[in-house]
Amino acid sequence: MRVRGALQAAALLASALWASPLLAKDHPDFKTTKLDTQPNNLNYFQGSDTILFHDPHKANLWRSDDAGATWSVVKDIPDGKVARLYMHDFDPKRAFAITDGRKHYRTTDQGKTWKKFEINAEWDTERYDILHFHATDPDRIIFNGLNCLGFLCEEVSLYTIDGFDTPAKPLRPDTLGCWWAKSNALFTTGDSDLDKDRILCIIMGVDSIFTEDRRLVISDDFFKADKEGNIQEFEPNLAGDKPVRGVVNVAAVKRYFMVATTSANTDEMALFISTDTKKWQRAMFPNAHDDHDHKIVQEAYTVLESTNYSIQLNVMTGSKSQPMGIMFTSNYDGTYFTENLEYTNLNMYGHVDFEKIAGIQGIFLVNKVDNGKDVDEKPSTKKKLVSEITFDDGRTFEKVTADGKRIHLHSVTELNNVGRVFSSPAPGLVMANGNTGDYLEDYWDANLYVSDDAGKTWKKALKGPHKYEFGDQGSILVAVRDSKEEDVSEISYSLDHGENWVEEKLPDDLKIQPWILTTTPDSTTLQFVLIGKAKGAWQVIHIDFEALHEATCKDSDMEEWHARVDKDGESTCIMGHTQTFPRRKKDAKCFLKKEFKLAEVETKDCDCTDQDYECDYSFERNDKGNCVSKGPIPIPEGACKDGDKNGKFMGTSGYRKIPGNTCKDTKDTKDKYKDVERSCGDGIGAPPEEATGELQQVDTKGKFGHWTQWEKHYLERGESSSDSSETIIMRGKNRTVDDSGPKAGPIWRTTDHGKTWEKIDFFKDEEVISIVPHPTVKDWVFFLTEGKKLIYTPDRGKRFRTFDVPQPADLEAAANGIFPLIFHPDKPNWLIWLGKKCESKNDCYRVAYGTKDGERWETLARDVYRCEFTGAEAYGRKYANRALEQILCLKHEKEGASDSALQLVSSNDWFNKDEKVRLKDAKEFATMAEFIVVATEDTEKKTLRAHASLDGGLYSEAKFPFGFEVPHQHAYTVLDSSTHAVNLFVATKMEGDKSLGTILKSNSNGTSYVVSVKNVNCDQYFYVDFEKMVGLEGVALVNVVANPDAKSSAPQKLQTKITHNDGAQWAYLPTPSKDEFGRFPCSSSGTEKCALHIQGYTQRRDRGKTYSSEGAVGVMFGWGNVGDSLGPLKDADTFMTTDAGITWKRVKKGRWNWALGDQGSIIVMVPIRGQKTDTLEYSLDQGATWKKHTFSKEKVDIWDLTTTRSGNSQNFLIWGENSDGLFTTKIDFTKFTDHVCKYDPENLGKSDYQIFSPKHPLQPDGCLFGHVSQYLRKKPGLKCFNDFRLDPLYSKQNCTCTRSDFECDFNYELDNHGQCALVKGLKPQDPKLWCKEHPDEIEYYEPTGYRRIPLTTCQGGADFEKQAAVHPCPGHEDDFERKHRISGIAIFFAVVLPVAAASAIGWWVYRNWDGKFGQIRLGEQGASTMEFFDADRPWVKYPVIALSAVVALAGAMPLVLAAIWRTAKNTAQRFGVGGGGRGGWSRLDGGGASRTFRTRDSFARGRGDYTIVDEDEGELLGEESDEEV
C-alpha cells in the first residue's frame, strides 16, 4: 500500500530511459547500491528518470539520473548541511535544500547544479509549508519561517518574484503564514493581475497572541506601506458582510480556497469557502442526526482528494482513541455539503481510509466501521472494519468482492509503502492487501488481490501481504512480499494483469526486509526501485524490466477498455458519461514503451436518469428512497428581501445533479427535478417575525422540587459555533452540614435558555459529586463520581461518554483546592488526573497521570502536590522552549516523604524523558497570561520570594522597588494582568478582615516591579478589592484603606478609586447628579471628602459575579454610596456608568441585581434575594428610562438573575423560590427586534451603531496606552439586535509616543515635580544587563530613569528610554563603530547647516521681535526649553505605571485549575451555595476548607482574574467564608 499526493508521507521515484532492446531476456536486470543510513523523502522530478533523496543522519542529498541504477551525493552543497528537501510543486526541474541556518540551496536543472541563496529568517521545524509556490509563475515563492532572539521567536513571511536570484523581501509584520491566491492551477480570481500578485496571510490579532484573535488579510501589492506607514491590505468579509476573527488555517483545494476559523468557548470550527477570494460563504452542513453530529471541530476534519467540481471532506466523530468520521461532498460552489457515508474509518492523525481510483471519475474505495454506534457509545470497543466501493462519487456504495466472496482491504490508515494505496494511472488496474470474511483482519494475515476493472471484481493474486507497483501503464505488475524480518529474497511480477506471476531472485543471494517499492508517479516506465534493510545496511535495488520483451505494442495488441460495462460488455455511464481508455490486451506479448505519457480517455455524455441525482442540502432519503426535507433550505440571493415570512421563492426540489455529473438533461428529468415554489419561512435565514415590542416569558414551576440552592452552568457559544442554542446544565442542591437528606437532585438541561427543560436520564443511576465545564471549550462538560468513573459530554449534553481514571480522586485535597482534573488550554482531550494511591490505609500519596484521549493513562509523577499544563500554542510560538506539551508540577523532593520540601519540576514531553527541577523550596505557582509566577520560601529568613518565567524553564527572582519594605512576605495574589506585565498584590498588613497590601506592576518579563497603588483592602483570605472593567483596557476600581495606621479596634475607612490608564493615576469617583430619589449628602467631581464609593470584591456575597460584562463595553454597575467613605452594605444603592466610569448615576434605591443582554442594549434588574417581588424592571436605552414588567401572580423570592456571560443574548432567566418550590422564568426580548444591526461607516446617520471611544478625564487627545480605541455601540430605540459574533472593537489607531507611554524604571520614583528621579542612595540598574539578556544587540543606553510601558503600542515620537549616551555591548565594538561612524557629509549637515540656519533665524528675530527681553504679556505662557516636562502637564504629572487591564476578552490563562474544583460547589461530604449565571462558581466544600489558591473569573475565556500564591505556613488561605458562592 502506498500514500501518494495528499499525505505526502514520501515523494515518488522515477525510472530509467527507454533503450531499444538488443536481445530479449527472461529476467529483469538488478543493480544494487549499499547505503549506511536509511534514505528519506525520495522524490522523482516529474517526467524524468532523475531521483533525489535526503539522508537525514548525515544531512546530505543523494541523486540518481538513471532511475536509481547509480547514486551519488550532491557535491554543490557543503557536506552535512541539508535539513529538509522540498520539490517545487509546479516546476518539474526545481528543488530546494533547506539548511539549519539562513543559507539554502536551489536547483533549476533537476539537481545537476545547485546555487546558494540566503533568507533573512530561519526555517520553522514545526511546519511543513515552509515554501509556498505560485501555480503559474515558478519564480514566485513565499518562505514562511522564524526570527528568533534567544528563546523568543516570531513568525515571518518573505517573498521572491525571481526565484531567489535577489534576496527575499518581508511581506508584513505579525504573519503566521502566507499563501499565493494562485495556489492551484484550477483556481482563479477572475483577474489575471490578481492571479499574479494576490497574497493571503494569517496575522496576529491586535495586541493579542491568542488563536481566537487571528485575522486573514489580503494584499495585491505585497503589503506595501503608504507614506503614513499604513499597510495596503484588506480583511475579506468571510461572513458575507464582515470579517471573521480566529483564522487558523488556509488551504487551496482545486478550484476552491478554504479558510478555517475558531473561537473561544468552543472547539467547533467554521469553514469559509471562496472560488475567487472575493466572495466568501460559510460552509453549511445538514442538521445533525440523533446519533452523530455534523459540526467541524479542531483537528478533526480532513480534506479528501477532491474533484474539480466539489470538495470532499471527512469530519471526525467519536473519541481520539477510536476516531471515526462522516464523509461529505459539497455542491459546485463548495458551500452546501451533503452526507455521503457515516462511520468512516480514520486514525488519530486524521488519515482516512479513502482513495479514488486514479484517472476514473466517480469511483473510490472506503473503509467504514460496521459497529460504529457501539464504538461511539463505548470507545474501548474494538472497531469492525468493512470495505465498500462507490461508482457514483459517493451517492451509493457496494460491497467489494472476489470470486463471490466479500473482501476487506487495508487502506490509508495502515501505510506500508509510498504513493497511492490502491491504484495508479494504469487504466483500471488496482491492487490491495486484504482478506475475505466478515471484517478486516490483521495486516500480516492479508493476501494480495488484483482488479483490472477498476475495483468492480477482484481475484486473489499472491499469498501474504505485499508491497506492489504498476509499470508501463499496467503492462507489468510488480510485488514484493512484506515482512517483519530480513528474509525476503525474491520479487514477483505479472505480465497479464495478475493472472500469472513469476518469481525472480534478488542478486547475490540478498535477503532484505522491504521498506518501499516504487516507480515513476505516472507508472509509464519499466524501471522500479526497491529499498530494504539487510544486515544493518540499506540496499537500494534498481529493477529494470526493459528487455523482457522485444516487441513494442502495435494497434492489434490494444483494446478499448470501458470504465464500466453492463452484463453484455457494453459501455455504461459513470457520472453521466462513458469513459473509454486504450489499454494493452491482457495476453499481449509486448510493452507500450510510452514513457511519461498517460493513456488518453475518451468520454461521451449520456442522457440523465434518476441515478444521476442525489439529495440536495437539508434533504435525506427516507425508507422509500425519496429525498425529504430535514431542515431549512437555502434561499436564492435576492429572494425574500421584503421581510414577509409568507412570501414565496423558487427553491430546490430536494434533488440535485451529482456534482461533476455531465449527463444531458431530458424533458422528463427537467420536469421532475426543476425548482419548486417554497415559502420564505422555510428557508435558511428566513425573515424574522415583525417586532411587536411584546415581552415574552415562560415559567417552569413545580418540577424541580425543594432545594436550598441552585447549581447552574451556562455553556457559552463561540463565534465559530454553528449552533445558535443557549444551553444551561443545572440541578438543585441542599447545603447540608451533615449527611442527612439528599445532596443533589437530578441533572437538567435546556438548549433554549430555560424555555424547556429536559431531565438527563443518563445520570439516573449515577451519583455525581461535581459538574465541571471545560474552562476553555464550553461544549465539553465533565461529571465526576466518587469512584474511578468519569463521565463527560463533548457536545453540550447531546451525548455522554465515560472512561475510568487510574485512581480515585483525593477528596480531602480537593476540598482544600487541589482539583483532581486538569485541562489543557488548547487540547480538550489532554488531561491530567491527580489520583490518590494507597499502599496501605495510612500510606497514601498523590500521583499525577496524563492522557491524550481518556483511554490510555500514563504515570507522570509520584508524590506530587499538584500539576498544571503550562504549554499553549500561543506562547509556544513566541517562546521557543515553551512546548505545547509543557507541564509543571509541585513535587516532594523525596518520594514517599510527604513532609519533605516541594520543588518545581517541568517536562516538555509528558515526563517521558524530560524532567528538570526548576526551583527548590517551592510553595506555589500560578499562570497568568504568558507569565508563570512562583513563590519559594527563604527557609532562613522565613519569608517568601517571587520568581517569574516566560518559557517555563528560566526563572528570575522578582525585584521589588526601593522603599517597599515588607520584612516577612507571607502572601502574594496574582491579579488579572495584561498580556505584557504581571500585577502582583503583596500583603503588607495581615490582621484578619482588616488586612491590606500593595499592588505592584512588573516589567515585560515579570522580574522588575514598581508600586502602582498602596493600602489596597483585602480580606483574611487575601481576596482583594480590585475590579477590572471587562472588555476595556486600563479601567479598574480598587478600594483603599484611608486610615491604614489606625488602631486595630478602629473601623476601617474604605474609599473607592478608579484608574483609566492602567494604574498610572488613581482618582476618586465623581458623585452623580441629583435624581428622582433625592439629593446626595455632598457633591463633587471626586475628592477625598466627597465621592462615590462602591462595595468591593471582599464584600460581595457571590464572588462569581462581575460588575461589568465583556459584551457591554464601558458599562458597569455597583452597589455603593456617596460620602467621605464606603458605608455599610445594607445601606447601599445601585449605581451604573455607561462611559467607563467617568460619570455615574443612581438607577435604583437599595440593592438590585442586574443583567446585561444584547451587548448592553438590554438591561434587566430585580431586587436582591430576601426582598420578595413580582416585578422586574428593564431598560432599552442604557438606563436612561426604565419600564416595569410583572412576571408573577404572587410575590416570590428571587435567588438570581442570569444571562450568558458574554452578554450577547436577548434572553434572561429568573431563578427563584415560591410556594411550589424552585422555579425558573425565562424573560424573552426577541419580539423587540426583527433584524440584525448593520454598521454603515459611509453614512453614520443611517448606521445602526454609534462609536464609543474610552477617554481619560485628564488626557484630551484620547490616547490610552499609545492608541485610540473605538467600539461599536448600538443606538438606543432601534428594532435591531447585535449578532452574537459581533466584535465590539471597531478600530484601534496608534498614537505617537509621549511621556504618558513611559513609567519609572527600576530604582527610580516620581519626585515632587512628576519626574522619574533616582532614589536617594541607590544606583541605576547595570545597563550592561541589557546586553546579557539580549546577546544579539550591539549597543545599550545609559539609564534615563524611564522605561516603556509594556502595554503601550505607540509608534515614533519621543523615546524616553534612549535619550542618554549610547555604548557598545561587550564583543560588539566593531559593529557599534560601523553603525555610528560619521562621514564628512554627515558632519556638514550636522554642524555647518545648523550654524548657518541659527544665524539666519537670529537675524530674523532681531529684526522682527516686537518686545523686549524679560517682557511677559498677560494671557501668554513663557517659553521654556523644559516646557514639555512642565510638572502641570498631564503626561508629566501622571506618569503611566500600567496596572492590570487587558484588551477586551483577552483575560488570563487558567491560573490554577484547582479553582475548577471549587467551581463544582460540591463534594461527597458537603455542598456550597449556588453560583450566578455570570460566571458563578460551584465548589466542593461550603466552608471550613483551607485553600491554597484564590481565583475568580477563571473560566472567562479560560483565564482567571487572580490567584493567591502562598502564605506563611505554605497554605495561603485560612477558613473560607461561609457566604462565598
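Don't overthink the numbers, they just go from 1 along the chain as shown.
Using N, Cα and C of the backbone, Cβ positions are placed for all residues, glycine too.
Per Swiss-Prot, the features are:
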- ASN308: N-linked glycosylation site (CARBOHYD)
- ASN734: N-linked glycosylation site (CARBOHYD)
- ASN1005: N-linked glycosylation site (CARBOHYD)
- ASN1294: N-linked glycosylation site (CARBOHYD)
- 62-72: repeat 'BNR 1' (REPEAT)
- 105-116: repeat 'BNR 2' (REPEAT)
- 449-460: repeat 'BNR 3' (REPEAT)
- 493-502: repeat 'BNR 4' (REPEAT)
- 748-759: repeat 'BNR 5' (REPEAT)
- 1135-1145: repeat 'BNR 6' (REPEAT)
- 1178-1188: repeat 'BNR 7' (REPEAT)
- 25-1384: topological domain 'Lumenal' (TOPO_DOM)
- 1406-1439: topological domain 'Cytoplasmic' (TOPO_DOM)
- 1461-1525: topological domain 'Lumenal' (TOPO_DOM)
- 1385-1405: transmembrane segment (TRANSMEM)
- 1440-1460: transmembrane segment (TRANSMEM)
Grouping DSSP H, G, I as helix and E, B as strand, the residues of the repeat 'BNR 7' (1178-1188) number 0 helix, 4 strand, 7 coil
Quick check for the class: what is the C-alpha distance, in angstrom and rounded, between ASN1005 (N-linked glycosylation site) and ASN308 (N-linked glycosylation site)?
51
For the repeat 'BNR 3' (449-460), find every same-chain residue at least 6 residues outside the stretch whose CB is under 8 Å from a CB in it, and list them.
357, 360, 363, 365, 389, 391, 400-403, 407, 409, 422-423, 428-434, 474, 477, 494, 497-499, 563-565, 586
Same-chain residues near the repeat 'BNR 1' (62-72), Cβ under 8 Å, at least 6 residues beyond its ends:
13-17, 31, 33, 35, 39, 49-55, 110-112, 520, 525, 527, 529, 540, 542, 544
Tell me the Cα distance separating ASN1294 (N-linked glycosylation site) from ASN734 (N-linked glycosylation site), rounded to the nearest angstrom.
54
Cα-Cα, ASN1294 (N-linked glycosylation site) versus ASN308 (N-linked glycosylation site), nearest Å, comes out at 45
Determine the mean pLDDT over the repeat 'BNR 4' (493-502), rounding to the nearest whole number.
95
Any idea what DSSP makes of ASN734 (N-linked glycosylation site), helix, strand or coil?
coil
Fewest other Cβ atoms within 10 Å: which of the glycosylation sites ASN308, ASN1005, ASN1294 wins that one? Let me know.
ASN308
With helix taken as DSSP H, G or I, strand as E or B and everything else coil, how many residues of the repeat 'BNR 4' (493-502) land in each class?
0 helix, 3 strand, 7 coil
Neighbour tally for ASN734 (N-linked glycosylation site), based on other Cβ positions within 10 Å of its Cβ
17
Using DSSP with the three-state reduction, classify ASN1294 (N-linked glycosylation site) as helix, strand or coil.
strand
For the repeat 'BNR 5' (748-759), residues assigned helix / strand / coil by DSSP
0 helix, 6 strand, 6 coil
Three-state composition of the repeat 'BNR 2' (105-116), taking helix and strand from DSSP
0 helix, 5 strand, 7 coil
